[in-house]
Amino acid sequence: MENSPDSPQPLELGVAAGRVSPPEGRRRGGREAEDGPAGRAVDSGGQGAAAAAARSSLGDPTSPSQLGCGAGSDLKDGASSSPAASEVPSRGQHKVTASPELAEAAAGRGSGPVGDTGTCRVEQAAEEPSSTGAPSSSCSEPSPPGDSPSLDSLESFSNLHSFPSSSEFNSEEGAETRVPEDVEEGAAGPPRAAPLCKEEEEDPAQVLAASKERFPGQSVYHIKWIQWKEENTPIITQNENGPCPLLAILNVLLLAWKVKLPPMMEIITAEQLMEYLGDYMLEAKPKEISEIQRVNYEQNMSDAMAILHKLQTGLDVNVRFTGVRVFEYTPECIVFDLLDIPLYHGWLVDPQIDDIVKAVGNCSYNQLVEKIISCKQSDNSQLVSEGFVAEQFLNNTATQLTYHGLCELTSTVQEGELCVFFRNNHFSTMTKYKGQLYLLVTDQGFLTEEKIVWESLHNVDGDGNFCDSEFHLRPPSDPETVYKGQQDQIDQDYLMALSLQQEQQSQEINWEQIPEGISDLELAKKLQEEEDRRASQYYQEQEQAQAVVTTTTPSTQAQQGQPAQASPSSIKQPGNSERKRKEPREKDKEKEKEKNSCVIL
């Protein structure tokens, strides 16, 4: 057969060995479908069918390390068993393992044999129609040299390695005979994030360990489920306090219900987040636009894909001090434009301070730093003064938020708007509720705190109030949950420790060695410590004396009660006891008379 642009081309060794990742197959499918004469595969959904047909023809990978199309293992096993079993079935056939009858039928249809170990040739029947314009296999022929890369097919995802496939989260048994359901049912939609379907059935700890083994060096994030507008909604928490715009963007899409995760999913990897984001960017492509708008959109998509991997670490955002939405134009800002997510900052110059306005002007942050360096080296005193004022402005607003900027943010952000806020080189999800700005709490330390979802942004110091998902202030701990006896014991222990500490400090003070130049404050502190020590010692002595009295009183009463207990007749003869009570009284009266008589003498 003569090689023509439409005829299949020989596969490379890397393809036969199973080193082609699913995103490459997806990119090639999108590129050929868009540039081909059959129409746009992305718009019509042919890309998903092509990817599904590719998976059905080559089988799912059977090990975590085998992330490609998996053709190498099938061809090697087929070559060792029978020559006919190494044939690659054409599109439309769902079984992967080739029986002798299937091999004979394939040989009768004219499928090409396998050549050397380095290359293989896949030929399909000329009479088979192609309704969708998508390639018949993920291991398809390379694009012609004159082809321009399609910008809506995730062309720049090569630096993200390969996304996890669904077989990595399923059992390895029966991987060769599994038939994708989307091929049988004729599903034509774009591929969704399949690897997350089994998360809800597996132990999160096992999934976390498996994810770290399969994707070494990748970040794993925990998911917190909240009740957002009466809907069970997930948000991604952050394990490290670093610049991570990926989480801020995904949380905006999750709160807006534009991206959905499987129910009760608890962990997710960074690569899976990138896959969700890439799928949404493809779905959000405008359908009916003019040719000029389409070219502009494709250029923006190309620029966004080139920096998409930076979302995991940080974006180079260069703010201007004149407006809350004024940034220097960089490719990093195109991502927010494509996703239609507003990006704000609050690092503004107060227009009422003329010298700062004159020193800063319309400079961006990078330009202002360069201006400060040049002004310091200048011989002009006016330039030196401007550089000093600009440097003071940066030092005084190190939190990257001013009160003027906070006021502008409050008036600019729309009610209920979900956006991304840039401050302290960190990206946060922000919204506005009843005229008050709130930042989404994504710290992993609050993963189990269901009542802590938002934090108010009402000053530049960063000491906001925590609120729940309905923007109610977090109530204090329930008094019933605090054990009173335990709290009393804690208070007593604290007072005892404080008393012992004060006593020890007072004993260490040597009043004879007090320097003459001691200040009044230090002398007053020492006197107060001595007074506290004496007071505590006095109270301790009082308590000990009271304890001695309480212990001696029962003993004396017991000694007085022994004679009464010794005579059993005292109980039966009440008259005798009355006489005994009267006798001491009479003796006391006689003594008083004797005293009085002595006084008269």
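Including glycine, each Cβ sits where the backbone N, Cα and C put it.
Per Swiss-Prot, the feature region 'Disordered' maps to 1-205 (among others).
The feature compositional bias 'Basic and acidic residues' is assigned by Swiss-Prot to 24-34 (among others).
As annotated by Swiss-Prot, phosphothreonine applies to Thr62.
The feature phosphoserine is assigned by Swiss-Prot to Ser82.
The feature compositional bias 'Low complexity' is assigned by Swiss-Prot to 127-141 (among others).
The compositional bias 'Low complexity' annotation in Swiss-Prot covers 148-169 (among others).
Residues or ranges marked as compositional bias 'Low complexity' by Swiss-Prot: 186-195 (among others).
What Swiss-Prot records for Cys244 is active site, nucleophile. A coil conformation is recorded for Cys244 (active site, nucleophile) in the three-state DSSP classification, outside any helix or strand.
Under the heading active site, proton acceptor, Swiss-Prot lists His426. DSSP assigns His426 (active site, proton acceptor) to a strand segment in the three-state reduction. His426 (active site, proton acceptor): 16 other CB atoms within 10 A of its CB, across all protein chains.
Summarising model confidence by region, the region 'Ubiquitin-binding domain (UBD)' (485-537) averages a pLDDT of 70. What Swiss-Prot lists as region 'Ubiquitin-binding domain (UBD)' is 485-537, and the listing cites similarity to another entry.
Summarising the annotation, Swiss-Prot assigns site 'Ubiquitin-binding' to Asp520 (among others). For Asp520 (site 'Ubiquitin-binding'), the count of additional Cβ atoms within 10 Å of its Cβ stands at 7 [all protein chains shown].
The site 'Ubiquitin-binding' annotation in Swiss-Prot covers Leu523, Ala524 (among others), and the record cites similarity to another entry as its basis. The number of other Cβ atoms within 10 Å of the Cβ belonging to Leu523 (site 'Ubiquitin-binding'), over all protein chains shown, comes to 11. In the three-state DSSP assignment, the secondary structure recorded for Leu523 (site 'Ubiquitin-binding') is helix.
Leu527 (site 'Ubiquitin-binding') is surrounded by 12 other CB atoms, counting those within 10 A of its CB over all protein chains shown. Annotation comment: Swiss-Prot describes Leu527 (among others) as site 'Ubiquitin-binding'.
Annotated region 'Disordered' per Swiss-Prot: 534-601 (among others), in sequence order.
What Swiss-Prot lists as compositional bias 'Low complexity' is 536-570 (among others).
Look at Swiss-Prot and you will find 577-601 (among others) tagged as compositional bias 'Basic and acidic residues'.
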Study note, to complete from the structure: recorded positions Cys244, His426, Leu527 vs Asp520 (site 'Ubiquitin-binding'), shortest C-alpha separation belongs to Leu527
Review point. How big is the Cα-to-Cα gap, in Å, between Ala524 (site 'Ubiquitin-binding') and His426 (active site, proton acceptor)?
Key: 48
Revision key, fill the gap. Closest by Cα to His426 (active site, proton acceptor), out of the recorded positions Cys244, Leu523, Leu527, is Cys244
Check your understanding: Fewest neighbouring Cβ atoms within 10 Å: which of the recorded positions Cys244, Ala524?
Key -> Ala524
**Study point:** Nearest-integer angstrom distance between the alpha carbons (Cα) of Cys244 (active site, nucleophile) and Leu527 (site 'Ubiquitin-binding')
**Key:** 55
